[in-house]
Amino acid sequence: MTVSPITVCVTGAAGQISYSLLSMLAAGSVFGPEQPVTLHLLEIPPALPALAGVVMELLDGAFPLLHSVTQTADPSVAFADADIAVLVGAFPRRAGMERKDLLEKNLPIFERQAHALNEHASKHVKVVVVGNPANTNAMVLAAFAPDIPRANISALTRLDHNRTMAQVAARLDVPVQSVAGVCIWGNHSSTQYPDITRATVDNVPVFDKLGGFEIVARDFIPTIQKRGAAVIKARGFSSALSAARAIANHLRSWVCGDEHIVSMAVPSDGSYGIKEGVFFSFPVRCMGDGVVEIVKGIEIDEFSKRYIDATAEELYAEREEALALLE
């Protein structure tokens, strides 16, 4: 191998999402067919036996690009020299839990991981937060990892973006690759706004074909907002394969660049009136090598503004709850 391996840390590495993601990382479909990968896999101690089985499968896969695998329950070992960190592991939401309860459980997890990342990872590390509540977990992480540039931390909303593209394609009976112009605004939660007001198929606007404002509000938007719950109801588990695919898409766009406008939750810079201090999903351009630009100048109509304001208010409330818990 003449190319130096890229070190990727994945937390929650024995879970279902990681089970689908790790083979994508090892096979070269994320960083390219010439880029070797070193995997650092982090789990809690009770899950280490299951993680050992996952590592057996990775080795048995005989992936030419897989340079080495480290399995550990020690964050300082997992994040050592990491170029990429995929934070999948988080305390899961259980029956009867409010988002505040979920924040309280996850805050110490992401505080510990932030300290370990700050101390042991590459100074150029790129971090994507997947574990929910992802946007606010990313904010907490940024607060406790002061040496990592905030621009190097993001939260995953690519799954919602992909779901939106897929629904447009299905409803119009077109190939998904012909769909463009969609984006996700706000929080990765049931308040997210899947914006299809500028959706196109082969560069032709299709919002009216999708039913216009009334049908989009009544049917399309709730379908995306509740898609995760629908998957859980159907299969008994949360999204795994599609989530892994979205993480792979997110990383490839972020690291390698992307000609298309995609959706990422990034630190707000005040664009579109969103207050700084929260991680908000915007339409972005990925320029490569981790450089992301929020798309500017989009005209926000009253229909969209109502949804964007609602998801922003939820994130502001989560931020205040997180700050209160930190105190």
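Cβ coordinates come from backbone N, Cα and C, glycine included.
Around His188 (active site, proton acceptor), the same-chain residues at least 6 positions away in sequence with a Cβ under 8 Å from its Cβ are Asn132, Pro133, Ala134, Asn135, Ala155, Leu156, Thr157, Leu159, Asp160, Ala265, Ser281. Annotated active site, proton acceptor per TrEMBL: His188, in sequence order.
Counting only residues at least six positions away in the same chain, the Cβ atoms of Pro194, Ile224, Arg227, Ser242 sit under 8 Å from the Cβ of Arg163 (substrate binding site). Taken from TrEMBL, the feature substrate binding site covers Arg93, Arg99, Asn132, Arg163.
Annotation comment: TrEMBL describes Asn106, Val130, Gly131, Asn132 as NAD(+) binding site.
Marked as domain 'Lactate/malate dehydrogenase N-terminal' by TrEMBL: 8-152.
Look at TrEMBL and you will find 157-324 tagged as domain 'Lactate/malate dehydrogenase C-terminal'.
Taking only the Cα positions, the spacing between Arg99 (substrate binding site) and Val130 (NAD(+) binding site) is 16 angstrom.
The Cβ of Gly131 (NAD(+) binding site) has Thr11, Gly12, Leu87, Val88, Gly89, Ala90, Phe91, Asn106, Ile109, Phe110, Asn137 as same-chain neighbours under 8 Å, each 6 or more residues away in sequence. Neighbouring residues of the recorded NAD(+) site, listed in sequence order and excluding Asn106, Val130, Gly131, Asn132, comprise Leu87, Val88, Gly89, Ala90, Phe91, Val129, Pro133, Ala134, Asn137 (Cβ within 8 Å of the Cβ centroid). Here the domain 'Lactate/malate dehydrogenase C-terminal' (157-324) returns a mean pLDDT of 97 for the predicted model.
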